[in-house]
Each structure stands twice: as C-alpha cells, then as structure tokens.
Amino acid sequence: MSGYSPLSSGPADVHIGKAGFFSSVINLANTILGAGILSLPNAFTKTGLLFGCLTIVFSAFASFLGLYFVSQCAARLPRGKASFAAVAKHTFPSLAVVFDASIAVKCFGVAVSYLVIVGDLMPQIAPSLGLSSPMFLRRQTWIVFALFVLTPLSFLKRLDSLRHTSVISLIALCYLVFIVLYHFIIGDTVKGEIRYFVPESGFGYLSVLPVFVFGFTCHQNAFSVINEVRNFSQGFVNFTMFTAIISSTLLYLLVAITGYLSFGSLASGNIIAMYDNTSIWIIGGKLAIVVLVLFSYPLQCHPCRNSVYQAIRRSYSAHDMSDGYHAVITLCILLFTHSLALLLSSLEMVLAFVGSTGSTFISFILPGSLYYFFSHKVASPGNSSPLQLRISRAFAAGLAIYGTVVMILCLNINIAKLSH
C-alpha cells in the first residue's frame, strides 16, 4: 500500500452536501424507473416466468455492483468533486473526454425519447380531457408545451432540488402499478399461453435481454447523488444505492409477474394499452405515463449538462461550472432535444443502438474498469485488507467483461432486427 497516494482537497475546498437519504433514494429510483416498466410483461412472453424473474434479479445485482464501484471511486476523490472524468484523470486521462461525450450522448438520446412519448400520448388523451381542438391533436403542440414545463426544472443546479418532481413521478408510477395489480386480482383479462419454467427460444430470450439489462441504468447520476449527500460515509452511500435498486427491483417484479400472469403470451409492449381504453382509470394511467416521463427529463438533462461542460472545458468536475456555462449548456440541451423530438416521430432503432452502447458502457464497463485501475493507483480511505481488494478487483474486472459481452450481444440483436 506504500505506493498509493490518497487524494484530498484542502480545508477551504471541502464541499458539504445537503441532500438527505430520502431525496437521494427518490432521485436514483426515478432515474431507474421509467415507462420501460410497462414492457416487462411482454418481455416475459419470451423469457418465461422463472427466467424473467431471475434475469431481473441478476440485472439488479449487476447494476448495484456498478454503483458500488462508483461509490468506491468517489471515496478516493475530494469530496463533492467526484465524476467519471475525475476518475479517468488518474486512469485513462486521454479518454476522459470520450467518457464524458458517451454519457452526454446517451442522456441526450433518452431525453429526446421522453419528449417523443409525450408527443405520441397526449393527442390520444386530449379528447378525453375535453381538448378536442385540432391544435391539441397535434404532437407538436404538446412537445412545445413540454418545453415551457421543463425549462425551469432543467435549470435547477442540484439534483437534490428535483426531489419533489421525482416524488410526483413515482406516485404516477405507483398508480400504473396499481392498475396492473388491480386487474390481476379481479381476473378480468383474457389470457394467452403462460410459460412458467422454459423460455420461448434462445433467440427470443436474447431479443428482450436489453429490456432487463438497461432497466436499472442510473449510473450517470450516481456521482451527483454522492457529491450532494449530507452523510458521506461509505455505509450510508451504499445503503442509499441499495435501497434505490431493491425498491426498483420489487416494483419491476410486481408489474412483470402480475402483468404476465394476467395476459400470458398476449401481453403487449405497453401493458396499460391492454386494458379498456374508454375507462377513466386507464385514461388516467396514460396521463400518469406522460407525467412519469416528463418529470424524468430533468434527471437526464443534469448529467448531460455536466458531461458537456467537462468535455468542453477539459474539466474533471462540474462543481466549478459558472452561471454562464450553466445557462448556455442547459438552453442548448432544451432547444436541441425539443427540436429533434419535433422533427422525428420515432427514435426506436437509434435509441436501441445508443442504449446498447451507452447504457452498457456507463453501467458496467466504466465502473468496473475504472475501479479496477483506480484502486491500484489511489488508496482507499478505509482499511481494506489485501484480500478484500483482490476480491473487489476480480468483481470489477468481471463486471467490465460482462458489460462488453452484453454490448456485443445487444448490438448483434439490434442488427438482426434491422435485417428482418
């Protein structure tokens, strides 16, 4: 351990976070949970019940491993200034800008997809809300409306400031979960074939693997959450991340199992669309989806802005971002994402490729590989034994290899879908 050099900041440079346990968990969970939860019952039609559940649990474990290694890297950096670029400074300094660009592109793409969902759903919901004017039946109207709603939220500097909108998003999600659970309990659905133990086919299983693998992506906000927490102890940070992952896992399992058992092989890519569209409760469910994705947009804008700033300024932390840079970059993200959403009605395949590369890179490859090399260069602030370090490094290497395999698999799956 004598060759290690702990990183520390001077007393005047110490950053004290203000975020508590609840707001940190809420923001991480809201970054994880999205409209993708509604496609899980359909994914189970390919995996079967048992393998679907096992895949959710394994994906949650792999995602938590990535978060754990992120927290281990953050513990070796000056408090409040942790980022992927800051870790890269001590491992692959020439690639720091590539890492930031990858995160920015991934978050930008997801943000655009949220706006496309708003534009697709609101014209369907508008007549039920008494908005029958032709203006309200155009997707462009609602995307522009979203711009006015999201602008003040996107300009907030701290992730912790978004805790209230994150709570609203999770309430909307819980309403969607309630709809699925209620119809499962009363048993008023038409069921297809249900596979309990055997997947439909090997290719069928692999074709829906991205739904599970990318279902727990929140690592782009992990450093921001860590930088803003009031209690910087490793135990507190890890428990915060574990709580977000386990809560999301339970919700995923609940919707996936009850939705699949309700419809079997008939389950569609959006489980809410399977219910009576004339029901006020289902219309409310569609509105809940809009609320969910709308308030998830700022959670993509925040890491996108930080990564763009770090890439432009060759900075290893967005902590020192000036008000001018903050305003200009935020405005550019808002204008470009909304413009792209107005121009394109479907980003399915583009996002599939961005997800295959970006999500895998951020969730598995970066945390695993950066921790593996960083832990050789910078001492842990704790008292890890040589054995503990060897085990951690083995898991980190395994996570990076797993991420690489998943990336190759998912890219091949997307290419196969294109050829069909």
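Cβ from N, Cα, C; glycine included.
Taken from Swiss-Prot as is:
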| type | residues | note |
| --- | --- | --- |
| TOPO_DOM | 1-19 | topological domain 'Cytoplasmic' |
| TRANSMEM | 20-40 | transmembrane segment |
| TOPO_DOM | 41-49 | topological domain 'Vacuolar' |
| TRANSMEM | 50-70 | transmembrane segment |
| TOPO_DOM | 71-96 | topological domain 'Cytoplasmic' |
| TRANSMEM | 97-117 | transmembrane segment |
| TOPO_DOM | 118-141 | topological domain 'Vacuolar' |
| TRANSMEM | 142-162 | transmembrane segment |
| TOPO_DOM | 163-166 | topological domain 'Cytoplasmic' |
| TRANSMEM | 167-187 | transmembrane segment |
| TOPO_DOM | 188-195 | topological domain 'Vacuolar' |
| TRANSMEM | 196-216 | transmembrane segment |
| TOPO_DOM | 217-240 | topological domain 'Cytoplasmic' |
| TRANSMEM | 241-261 | transmembrane segment |
| TOPO_DOM | 262-278 | topological domain 'Vacuolar' |
| TRANSMEM | 279-299 | transmembrane segment |
| TOPO_DOM | 300-326 | topological domain 'Cytoplasmic' |
| TRANSMEM | 327-347 | transmembrane segment |
| TRANSMEM | 350-370 | transmembrane segment |
| TOPO_DOM | 371-394 | topological domain 'Cytoplasmic' |
| TRANSMEM | 395-415 | transmembrane segment |
| TOPO_DOM | 416-420 | topological domain 'Vacuolar' |
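For the transmembrane segment (327-347), the partner stretch with the most Cβ pairs below 8 Å, chosen from 97-117, 142-162, 167-187, 241-261, is 97-117.
Each of 20-40, 142-162, 196-216, 350-370, 395-415 was scored by its Cβ pairs under 8 Å to the transmembrane segment (97-117), and the highest score goes to 350-370. Residue counts for the topological domain 'Vacuolar' (118-141) under DSSP (helix as H, G, I; strand as E, B; rest coil) come to 19 helix, 0 strand, 5 coil. When Cβ-Cβ distances under 8 Å to the transmembrane segment (279-299) are tallied for each of 142-162, 196-216, 241-261, 395-415, the top count falls to 142-162. Two recorded stretches are said to be in contact when at least 3 C-beta pairs lie under 8 angstroms, sequence spacing 6 or more; the transmembrane segment (241-261) and the transmembrane segment (196-216) meet this definition. If one looks beyond the transmembrane segment (350-370) by at least 6 residues along the same chain, the residues whose Cβ comes under 8 Å of a Cβ in the stretch are 62-63, 65-67, 69-70, 73, 84, 87-88, 91, 99, 102-103, 105-106, 109-110, 113, 210, 213-214, 216-217, 219-220, 395-404, 406-407, 410-411, 413-414, 417. With a cut-off of 8 Å on Cβ pairs spaced 6 or more residues apart, the transmembrane segment (20-40) and the transmembrane segment (395-415) reach fewer than 3 such pairs and are scored as not touching.
Within the topological domain 'Cytoplasmic' (163-166), the DSSP-based counts of helix, strand and coil residues read 4 helix, 0 strand, 0 coil.
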